[in-house]
Amino acid sequence: MKRKLTSEIIDLIGEKVKLSGWVDCRRDHGKIIFIDLRDKDGLVQLVFLGSDKDLYQLAETLRSEWVISVEGEVRGRPEKMVNLDMITGKIEIAVEKLEVLSQAKTLPFDINTNGYDIHEEKRLTYRYLDLRRGRMKKNLMLRDKVIQFMRRQLGEKGFIEVETPILTKSTPEGARDYLVPSRLNLGNFYALPQSPQQYKQLLMVAGFERYFQVARCFRDEDTRGDRQPEFTQLDIETSFWGQEEILEMTEALFVETVKKFCPEKEITQIPFPRITYGEAMEKYQTDRPDLRKDKNNPDELAFCFVVDFPAFEWREEEKRWDAVHHPFTRPQTTDIEEMKRIPDKILAYQYDLVLNGSEIGGGSLRTYNPDVLAATFEIMGHTWAAIYEKFGHLLEAFEYGVPPHGGIAFGLDRFFAILNNEPSIREVIAFPKTSDGRDLMMGAPAGVDEEQLKELKIGIIK
Ligand code: ASP
């Protein structure tokens, strides 16, 4: 017999079915044993009657989290036994055959609670058990559904998803790079991408016009609140679009997503309010204002766009101007004289998407005019040679017919944390790291064999 899922048997009263899954819990009532069987879709009640002695005795040995397979008849439950809290609450399985597929030790923690009170290190060490928890399943399933939906929405608007390399060269997002030594090019290192920024711009030069990617980004930052060394962005780049079109597309994408998957949530204001960086700092003393009307209401989503960021900021420690976002952000002027004279007054086509006081996205139009780019680097105090060393590939690409382009990237982990009312992005990532960057389940990072280091000609300074 072919195995069925618990979600597939609700209407099969009177039929024989085969089910497999985990023993969620067991209740003995004298001559009758009830087991809740759990599979990926839910629970169903199994009934073992004392009349079949062998079967009953085997059922008596079952313990929580054992993996079993059963065959039996789907029966309607007697009226007073109906459990409306369960999707399968109107039926049960009168088991005729039972097979134990594997046994389980006692779990290190309870998985039938929401788990918030269990020490996080323990949850992360046994993440594969923690993920059995209903809350975690729900979080990861919503994540999957939303990502599939976003992919479809973008596909319908003519975007294509392109994968870009993980082994690459430093990208200018302002964090430290993770480095990977090259065995074939000794002494040289790849950097893991802080974002696909340069690749997506190069795809615009290549003529793709509408790119997106569910992209993993890596940033080696000091422990700071709710961050992860690797995180997921929905990364987007377009050609011939202005800021307005990018913001409109963003708004439609998020409004449609919320309406479809979280209809219980109320979006505070549509169209999303647009606040300039200057106004935000003056009125809210932050560039991530929380515009919820009622901050205690878990179902309120207050989106807003923060626009018109300054192009440059002064770095006192280094005594130089730096790009607020990255050096390819397009200033709102092409007057190079003005840029150099009053860099602090120059605004950029840069925008953030803020949700309930968290930045969940950011992007910009890019400078593609070589003179403006050169002026930007000069203001930042970089020599042309140094710039060429770092960004030569991009600068050269721009000499072969570059369209005006711009984009945005959304931090999906944070978005999902807010959608699920979770306190941390670790609750919406299947295998997150601790705040100090350790994977407790795999035991990473870890030392490596002397042999591996030798091959790479790397020595550890003790
Ligand atoms: N690469 C930028 C970031 O990760 C987003 C963008 O400018 O499109 O913040």
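These residue numbers are counts, starting from 1, taken along the chain as shown.
Every residue, even glycine, has its Cβ placed from backbone N, Cα and C.
L-aspartate binds Glu173, His325, Arg366 as TrEMBL records it, and from the list Arg127, Arg132, Arg216, Arg219 the residue named for this site is Arg219. Among the ranges 13-16, 25-28, 197-200, the one that TrEMBL lists as region 'Aspartate' is 197-200.
Checking the candidates Glu161, Glu163, Glu282, Glu359 against TrEMBL: the one annotated together with Arg219, Asp220, Glu221, Gln228, Gly411, Leu412, Asp413, Arg414 at the ATP site is Glu359. Candidate binding-site residues: His325, Arg366. Fewest other C-beta atoms within 10 angstroms, His325. In sequence order, Arg143, Ile147, Val214, Phe231, Thr232, Gln233, Leu234 are the residues near Leu412 (ATP binding site), counting only same-chain partners six or more apart with C-beta under 8 A.
Glu359 (ATP binding site) falls within a strand when secondary structure is assigned with DSSP. A distance of 15 Å separates the Cα atom of Arg219 (L-aspartate binding site) from that of Arg414 (ATP binding site). Residues near Arg414 (ATP binding site) in space but far in sequence (CB under 8 A, at least 6 apart, same chain), listed by position: Asp226, Leu355, Ser358, Glu359, Ile360, Ile425. Highest local Cβ density among the recorded positions His29, Arg219 belongs to Arg219, counted as other Cβ atoms within 10 Å over all protein chains shown.
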